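Enquirer: Swiss-Prot feature annotations, pasted as is:
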| type | residues | note |
| --- | --- | --- |
| TRANSMEM | 18-38 | transmembrane segment |
| TRANSMEM | 47-67 | transmembrane segment |
| TRANSMEM | 99-119 | transmembrane segment |
| TRANSMEM | 120-140 | transmembrane segment |
| TRANSMEM | 163-183 | transmembrane segment |
| TRANSMEM | 218-238 | transmembrane segment |
| TRANSMEM | 243-263 | transmembrane segment |
| TRANSMEM | 269-289 | transmembrane segment |
Amino acid sequence: MSAGIRTYLELMRYKNCLMAGFAAAIGTLIAFNILISGTSTPNFEDAFPFLDAGLVFLVVFLVSGAGNAINDYFDIKIDSINRPERPIPSGRVKAKEAFYFSYLLFALGTLIAFSINSICGSIALFNSLLLILYAKTLKGTPLLGNLSIGYLTGSVFLFGASIFGFGGIKALSVLFLLAALAITAREIVKDIEDMEGDSLEGADTLPLRIGAKKAGYLAVLTGLLAVILSPLPYFMSVLGLRYIYLVSLADLGFLAAIIQLLVRNNPTKSSKLFKIAMFFALIAFIAGV
């Protein structure tokens, strides 16, 4: 490979990969605490599996980096106009090198995931294939692209829990659903925010297909569903009272984001508020165990 390590790390968007890896490790921690608290009957030792949690972090880091690299490979034309400084359009990484590099990362991540257990491996393989499909096709498909990002981001927590088998997945399934709904809503809002630029680039997004107003209603509906379902982890005895207190702050943030979109027609502010609300939701997940 002709490019240096720093260039390939840039291609991976390593900072985002680090955050995704930490999120997966948090998923492992939350699932462990839920299972060990006696709300389920796990078949594993009481000691926290630090090695497997480290492998979970590594897998998500690699697969996320692969997804970013393959995304840049398919976005060469757009990035040459909008992001000419990126590794591929700037000529620092050849397109073929980026392509092979992404598949190498996908393969490494999936193999490591299968070394943890078959459930981890299956999720890693499915997500890798979905990331490739997203970069090639789904990214330009209205709604399906938004749903894909919602699933992929939410599944990071689910993947972290999967080291405990189906018991771990069951423990975090509601949290995965809430995260996926909130992220899908924000993705739609981001598309509304980017309508002008996407229109100039000839992109086919949900707001451009059905209009900003209808897309906004769908984002509001999805966000409200996340808010309405947010108490479920408490009522299902998955998380404790601290979760309710903190998730209430997140819910206020989501409602503020909805108001900015629906009443004030400000998708930029709405998108920022969604992001802040999701941060509080993550804190609620961690503290609520």
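Even glycines carry a Cβ here, placed using N, Cα and C.
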Enquirer: With Cβ-Cβ distances below 8 Å as the criterion, list the same-chain residues six or more beyond the ends of the transmembrane segment (120-140) that contact it, or say none.
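Expert: Contacts of the transmembrane segment (120-140) (Cβ under 8 Å, skipping residues fewer than 6 from its ends): 56, 59, 63, 66-67, 70-71, 73-75, 106, 109-110, 112-114, 148-149, 151-152, 155, 158-159, 162-163, 203-204.
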Enquirer: Which stretch, 18-38, 99-119, 269-289, tops the Cβ pairs under 8 Å count with the transmembrane segment (163-183)?
Expert: 18-38
Enquirer: Given a Cβ distance threshold of under 8 angstroms, which distant residues of the chain, six or more beyond its ends, lie next to the transmembrane segment (218-238)?
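Expert: Distal contacts: 34, 39, 143, 171, 174-175, 177-178, 181-182, 184-186, 188-189, 192, 206, 244, 247, 250-251, 254-255, 257-258, 261-262, 274, 281, 288.
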